[in-house]
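Student: Quick paste of what TrEMBL says about this protein:
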DOMAIN    129-255  domain 'Palmitoyltransferase DHHC'
TRANSMEM  20-40  transmembrane segment
TRANSMEM  56-74  transmembrane segment
TRANSMEM  174-200  transmembrane segment
TRANSMEM  220-246  transmembrane segment
Amino acid sequence: MSNLGERKKKTNSCAGCMRVLKWIPVLFILSIIVWSYYAYVVELCILAIDNTAEKVIFLLFYHIINTLFLWSYWKTIFTPAGTVPSTWRIPEVEIERLLRIENQEQQKRLLEYIAKDYPVSNRTLSGSIRFCDKCKIIKPDRSHHCSVCGTCILKMDHHCPWVNNCVNFTNYKFFVLFLGYALLYCLYVALTSLECFIRFWRSEFVEQGELGGSMGRFHILFLFFVAFMFAISLISLFGYHVYLLLVNRTTLEAFRAPIFRIGGQDKNGYNLGKLANFQEVFGDDWKLWFLPVFTSQGDGLRYAMRTQQVYQKPIYNSMGATDARLEVQATDNFGDGFSYPMRHCEEDAESLLGHSDTRLEIEEDIFPETRFHDTIVP
């Protein structure tokens with residue numbers, strides 16, 4: 001018992017150390033922001049610039065951009081990651097039953113039976129329902145298990161160490177705004193400090209005594225270089241996420257296209273058009289687009305797809321003809337109206353030539369004791 005207690009204490013202490021270490025990148029970014037605030041406001045605007053109107057204008061726009069930047073960063077960090085609701089958890093009985101099954105086809109059928117009431121369209125490479133063996137849940141569309149957070153995350157994009165959080169459904173708008181305002185902040189600081197930077201290299205500061213000592217010159221010199229270098233790196237990162245936003249794709253989906261129940265693998269499966277894709281993340285109210293407040297559409301569990309097919313069951317009329325309806329909703333039309341794709345005969349051979357009662361076959365695999373239990377043979 002004592003050994004077990006000591007192991008638990010060591011595990012808890014290691015977990016606590018890891019939680020602290022995860023905040024180091026965030027503290028590094030915050031320290032740069034605090035230093036840049038001092039270098040820009042004190043060393044540049046107050047000590048280096050003589051024109052009062054220029055000081056006021058520089059400081060006004062600087063504080064507006066800085067406020068939006070820090071606000072977005074704060075929301076990205078402290079917005080809780082979207083986790084899968086407990087209603088998506090697989091019952092323990094079904095989990096044990098699933099683990100006992102060795103045949104992949106039977107396991108696939110059991111998962112289909114368990115998830116029959118869930119709105120899932122994504123599948124694995126083998127065509128099976130996606131489920132997480134760690135969280136014991138059916139995975140909603142676009143969700144993935146984060147090894148750092150230790151849980152499944154809704155519409156997971158990636159885990160970002162610079163915000164110590166998963167970029168996902170709940171904070172993706174804040175993350176894009178954070179990147180955009182960070183880029184704007186760096187460009188603004190670099191451009192407004194460029195004149196003083198050039199004058200420093202021309203030694204005008206030394207001759208005119210505009211800076212009190214070498215440390216002031218160092219702050220302005222380093223401020224320009226840091227802002228310029230961060231701006232270069234942020235241009236590519238921000239541009240990439242703007243592209244992903246406009247095609248409605250996460251970083252994980254960019255590396256591996258999602259697989260759909262109907263249509264198979266399709267990297268553009270969620271692409272609804274640039275405006276619709278943008279509004280899915282930023283909402284319909286344009287006045288809130290550039291403010292870090294949550295306006296994303298949906299619940300993180302269901303997503304509109306580029307081509308949606310909604311099938312209705314046939315309606316049988318006992319006194320007349322059968323009314324079989326097929327309702328198709330699609331954002332894009334394909335083909336020329338003359339030629340249509342066909343399935344080969346061998347694809348349906350099993351259902352046509354001897355195993356047509358698929359429902360009973362599935363019931364036999366899932367509930368073997370119930371098939372023909374009450375059948376009376378004359």
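Using N, Cα and C of the backbone, Cβ positions are placed for all residues, glycine too.
Have a look at these and tell me how they're positioned relative to everything else.
Tutor: Same-chain neighbours of the transmembrane segment (20-40): 62, 66, 69-70, 73, 77, 161-164, 189, 193, 219-220, 222-223, 226-227, counting only residues six or more beyond its ends whose CB sits under 8 Å from a CB of the stretch.
Counting same-chain residues at least six beyond the ends of the transmembrane segment (56-74), those with a Cβ under 8 angstroms from any Cβ of the stretch are 29, 33, 37, 40-41, 44-45, 49, 163, 174, 177-178, 180-182, 184-185, 188-189, 192, 290-292.
Outside the transmembrane segment (220-246), and at least 6 residues removed from its termini, the chain residues within Cβ reach (under 8 Å) are 32, 36, 39-40, 43-44, 48, 157, 175-176, 179-180, 182-183, 185-187, 189-190, 193-194, 196-197, 200, 211, 254, 274, 277-278, 281.
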Student: DSSP helix, strand and coil counts for the domain 'Palmitoyltransferase DHHC' (129-255)?
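Tutor: Final tally across the stretch: 72 helix, 17 strand, 38 coil.
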Student: Would you report the average pLDDT that the model assigns to the domain 'Palmitoyltransferase DHHC' (129-255)?
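Tutor: Computed over the domain 'Palmitoyltransferase DHHC' (129-255), the mean pLDDT is 90 on the 0 to 100 scale.
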